[in-house]
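Here is what TrEMBL says about this protein:
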- 75-277: domain 'CFAP74 second Ig-like' (DOMAIN)
- 134-164: region 'Disordered' (REGION)
- 149-164: compositional bias 'Basic and acidic residues' (COMPBIAS)
- 279-391: domain 'CFAP74 third Ig-like' (DOMAIN)
- 397-491: domain 'CFAP74 fourth Ig-like' (DOMAIN)
- 606-668: region 'Disordered' (REGION)
- 606-625: compositional bias 'Basic and acidic residues' (COMPBIAS)
- 739-818: domain 'Abnormal spindle-like microcephaly-associated protein ASH' (DOMAIN)
Amino acid sequence: MLSCICVYINITEHLKDFIEIQFDPPGQMSAGLTCEMMVTFKPMINEDLVGEVNFLSQTGPFSILLKCTTKKCDLSVDTNKVEFGTTVIGETLKRTFTLTNNGALGTKYEFFKLTGSKLRTVTTAETSLGRLTTADTLRGGTPDSLSMMKKEAAPPGDKKPDQEIVDKASQEGGGTSIDHQGTQAEADAMSGTIGDVEDGEQSPDLAISEIEDYGSLDGMKVGPMSTGEVGPFSSVKLEIIWQPHIPGKVFTEFLISFSDPLSESISIQALANAIDVPVWVERQTVDLKICMYDRLYQDTIIVNNRATTALRLKFEVCKELKNHLELLPKTGYIQAQSQFSAQLKFLPRKSLFQEAGKYFDKETGVLEAPMIIRVADQTQPVPFTVQAVVTTSDMEFDITNINFGCCTIHESVKTRIRLSNKSILPQEYGFVGLPDYVEVQPDDGFGTLLPLESIDLDVIFSPKKAREYKFELNCKSIINREFKIQCEGVGVHPPLDLSHQVIHFAATALYDVSTATVHVNNSHISTNEFTHPVPRIGKGEIVPVGPTSFEFKIPEGAPLTISPSVGTIEPGKKCRVQVRFAPQLEEMDVRKEGVRMASKAMEAKAQKEYQEALQKEKEKADDALKSGNKGKGKDGKSPAKGKGRQSPGVPTLTVAGPKPFTPPTLENITKDTPAYAAALGSLLRQYKSCFRTYVIPCYVASGKCGNPGELPYTNNNTLYMEVHCPVVKPTLVAISDHGKTTLDFGEVSLGQTIIKSVTIQNISKKTIELTSSLLDTSGPFLMLNALRVLPPDGTHTILISFTPEAGRVFHEVLQINSGTSVLHVTVMGEGVNPIINLDMPTENGAFDIGAVLAGEYLERTFKMQNSSSLSIDYSIKLESLSLLRHAKSQELPSFIKQDEKMKSLVGTQNNNGQNVFDLVPSEGRIAPGATQEVTVTFAPDHPSDHYSDFVKIELFGKKESHSFHIKGMAKKNVMFVHGVDETTVNVESLSESPPSTLEEEELKGILPSVLFSVKSIAKESEFVPGSRDIYVGCVRTMAVSQKKNGEFQFENVQAITSKGFNIDPQRGMVEAGNLKPVTVTWSPPPGHDPNEPVEASIILTLKGDITEQVKVMLRAYVVSDVEDKTDKTESTENTQT
C-alpha cells in the first residue's frame, strides 16, 4: 500500500450556485489516513439537485455523488376497504382507519363522501382548506360520473360500475323496490348535477354552491374529523359512521384530497348490509368480562320491538350450557314499540370445560355461547352472543409443611414460601388467626396478587419459651377461600444470652474503624423450673449450673474482629466482647485496578512514542521531498513516471504503529508498590456506598473451653448476632507518595530531626472541618502545622517531625477526623545511636602532638570511623574557642588551690591570637562504614611546655560523642629534656617578661637546671631500687641548614655513683622528632637513713643547632609500700582530670 496525493478538481456545473466546497489538500497521504472536506449547501430553489464532486489522485480520477432533495409528502392509509358487516336498520356503527404521513412535509387534507354527492364547481374562491382549488371534479354515483372522478383517485383495477352494485342489491329480498327507487333517484340527481357543472364551467368566478346531498339515503357519512392537517412523520385517525335507514347492501366510496399538489387523492370504499327485523336486541354481544368458577354473575338483556303490535318472546339456551347459564324469564311478551328486560345468570362450574364443548376454549378459557330469542309469527329468530373468560380462583403454596427446627427464645427463624395466583384476575389475600409467636412479612401477610403472579413471603417463627410448637398458617382470599400450611418447631432456652442481638454500626468509611460492645451473660444460677425459665431444648433435660464457654465464628471475608472470640463465663457473671468493624477493599479488586491503570499508562506511553517517531519520520520525509525538488530545479528535468513506482525523493514511513507492551500481572501488584497505592486511591474516589449484613454464630458449650476451634458445642444452643455494616466513601484521601498513608522516617540518629509531609485531599462535595488526635507528647513525633477547613477538592499538607531520643523503633497513628470519617496516618521511625570510633595514639587519655620549635608547626592525623548504619554529621569543637572559656577560667590556679573538679581545660595559648591547635576538616558527614581522616596542626608562637586544649566531637550538632585532651610543647632549641619534675607553674603570667639571651646567662654563669626525683620502696628486709626514665628529645625542624639528629652526654657520672645513682646510657644520639629514654636508677647505699633524702647533680650536654648544658638535679628518697600506692592513685586521678 502506497501513499498518494488527492487534488480537488470541480463540481457539476449546475451545482456551483448552491454548493460551496472547502478542501485543503493535506499533501502526501499514507495508507490508512483520512482527510476532511467541508460541503456547504445554500438552497435557493425548491428543486432536487443531483451532481458530483470530482477529484484527481495518482491512481486516477474519482468522484463523490452529491444529492440535495426537497421535502415531500408520503401519504398512505392502513386499509382501502372498510367493512361494517350485517346489522339491523336503526343501529349506528363506527369504523376508523389511519392516515399516515411518512414524509418530511406536512399537508392539509379533506375527507368527504364521494358516492351520491353533488358535483362541485371549481372556482378561484378560497376553500376551507385555506388554498385555491385547482382541478378537482367530484361527481355522483352513476357509472359515468364514477369513471370521470376516478381517473386519478383509484387504480385501474379497482374500477367497478355502481350499476352492478345496484343490480346485485336489487336481488336481495325485503326492500328491492326501495333500493331501485333510491338508485333511480340518485341517477336523476346526478344528471341534474352534470348540467349544473356545465353551467358552472361557463361562470368560473362563482363560489362553490352546495345543494341537498342525495347520498344520505345509504346511511354512510364522514366522522367529525373531516378536515385537518397531518404533520411530517405523523398520523391521524379518520372515522366513517353508518346508520342505515333502509335494508339492503351498501357500497359507498369516500375520497381524501390533499393541499400538496404532488400528492394524489386516496379512495376509501365502505361495504355494509342492513336488514329489517321488528325485534332486536341492543347488544348483539353480551360481554361478561372475566368470571371465576363457582361464582354467580348476572346481566340484563334488553329487547326492543319496533312493530306496532305486541309479540311473544321465548329465550333459548343451548343444551351444553344449561347447567351454567340461565335466561329468566324463559317466555315473555314485549309490547308494541317498547322494551323488554330479561335476566342473564351465569354460574360457571368446574365441569364447564367438559360440558361446553365447542363453545369453550380450554387453553384460553374463552366462552362464546350463542343465545336465541324466538319471536312468534317470525320465522327468523333474533340471535345474540354471550362472551366470558372463565378462570380459576385457586392460590397455591410451593410447600405444604414447614419445620422450623430448633430456635432459641432470643432469635427468630425465617422460612421463605411462595404464594402463586393461578387466576387471571387479581386476588386479595391475608393470613388470619396467626399466633403471637408467628408473623408473615411483608405487609403483615396482607396484599394483592396480580394475575398469574407469584410472591415470596417470609414466615418468621419467634418462640417465647422452651417447648414444642405445632400450628397451621391460614391464608384466606377475598372470596373467603382458605389455603393452609402445617407448621412445627422447637423453642430452645440457651444457657447464655447476648446483651444485643443486633449491632447497628454507624456509616463507616473505607479504611476507617468503628467499634461496638456486647456482653455475653450467664444468668443460669438455678435449675428450679418452677420459679423461673431454665435453659433446655424444648422439654428436654435442664442444662446443669456451672461454667459455660462460648466461641464466635466470623464468616470468611467479613471485615469484622471480635475480641475475645473465645471465653468461659461463671454462673451469674458476664463477659465484655468488643466488635471491631474495619471495611477495606478487596485486594484482588485493587490489583485488577492496578493492572488496568498500568496498562493504560503503558499504552499512552507507547502511543506518545509512536506519535513522536511518526512526527520525526514526517519531518525527514518533508526534508527529503524538499531536497528532491531542489535537485529537479537544478537539472531542469523531471524523473520519468513509472507505473507502480514511487518517486525516488519521497522515502516511505518505517513506523508501523505503537510498540507492543506487556501489561503487569496481578502478582506484580503488591501492597508495597506505587501501582497498588495508586489503584487504591482511584478505587476510593470511585467507590459507591453499600450496606452489608453479617450473621455471626456464637457456639455455646457447658464447661471450660480448650483450644480455639475445638469447643464441644451443640448446634441447638447456638446464638446468633446480626451485624449491620454500612460502608461509605471516605471524605479524605492521601495524594502524596502515590496515596500511601504511612510516613516511614527510617533510621534516624538520636537527637536528629527529620521532617516529612503528607498531603490530603477532600474528595467529598461539601466543605469539611478537620481535627486530629494528639501524638504522644513525650514521644519523638510532632505535628508542626495546624489543620484548616477544606473545601471540596481542596488539599492540605501536614508536616510531621521525628526526633528520636532513644535507640528503638517508634510507631504511632495520627487520626485526622473530618466529621464523617477518619483518615489514619501511620508514622514510624527507628532511633539509631550513632557510633564513631577514634583511631589515634593516646597517652593517659591525651593526644600528644610532640615538640616543635616556636614559630614552626607540626601536623599529626587521627581517623574517625562510622560504625553505625546511617550517615553521621559531625563537628569538632575546641574548648579554647568556646564562649564559656572566659567563665571557666575564672578560678584559682592549681598551684594555689587543688580542686578535683577543675573547670579550665585550656592550657597555654599563642600570644598572637591565633589558634595553637587546628583540626581539619572540622565538620562534615561520614557515610555508613566510612572513615574520615582529621589533620591536627600544632603551631605555637613562643616556647612553652604547657600548650593544651580540649577537643569535643559532636554529632548532628547536639550530641557529644567523644572528647579528649590535645597537648604539645614548643621549644626554643632543637635539643631538650623532657620527663622531669615540674619546677614552674603551668599557668603563664599575664605580663610577658622579655626573654634573656644565652650570652647573658653564660655571662652570669647560671646553667638551666631541671629536677628529677627517684623513689625507692622500702620492704620489710630490703630496699627496692627506684628507677625512672628521663627523656632527651630532638625537634624536627623545618630549617634546611640544621642537622637532622642531635647528641647528648652526661658528664661527671662518677660523682653520683657513690650516692647510689646510675644512668644508662650516659651518651647517645637522638633522631629528629623522637625522644630518647635515659634510665636513672637509685639504689640506697648501705647504711642509708631512709628518713633523709639523697641529692646530687650532674651536667647534661646537648648538641643540636647549638651546644647547651643543662644541670640535672637528682633527688632520691625512700617511701613505704602504702605511700607508693597512694602516690600512684593520686597520679592516676590527676592524669584523668
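Any Cβ shown, glycine's included, is placed from N, Cα and C.
Residue counts for the compositional bias 'Basic and acidic residues' (606-625) under DSSP, helix first, then strand, then coil, are 20 helix, 0 strand, 0 coil. Helix, strand and coil residue tallies for the domain 'Abnormal spindle-like microcephaly-associated protein ASH' (739-818), in that order: 1 helix, 43 strand, 36 coil [DSSP]. Mapped onto DSSP helix, strand and coil, the domain 'CFAP74 fourth Ig-like' (397-491) counts 3 helix, 60 strand, 32 coil. Mean predicted confidence for the domain 'Abnormal spindle-like microcephaly-associated protein ASH' (739-818): the pLDDT average there is 91.
Residue counts for the domain 'CFAP74 third Ig-like' (279-391) under DSSP, split into helix (H, G, I), strand (E, B) and coil, are 10 helix, 64 strand, 39 coil.
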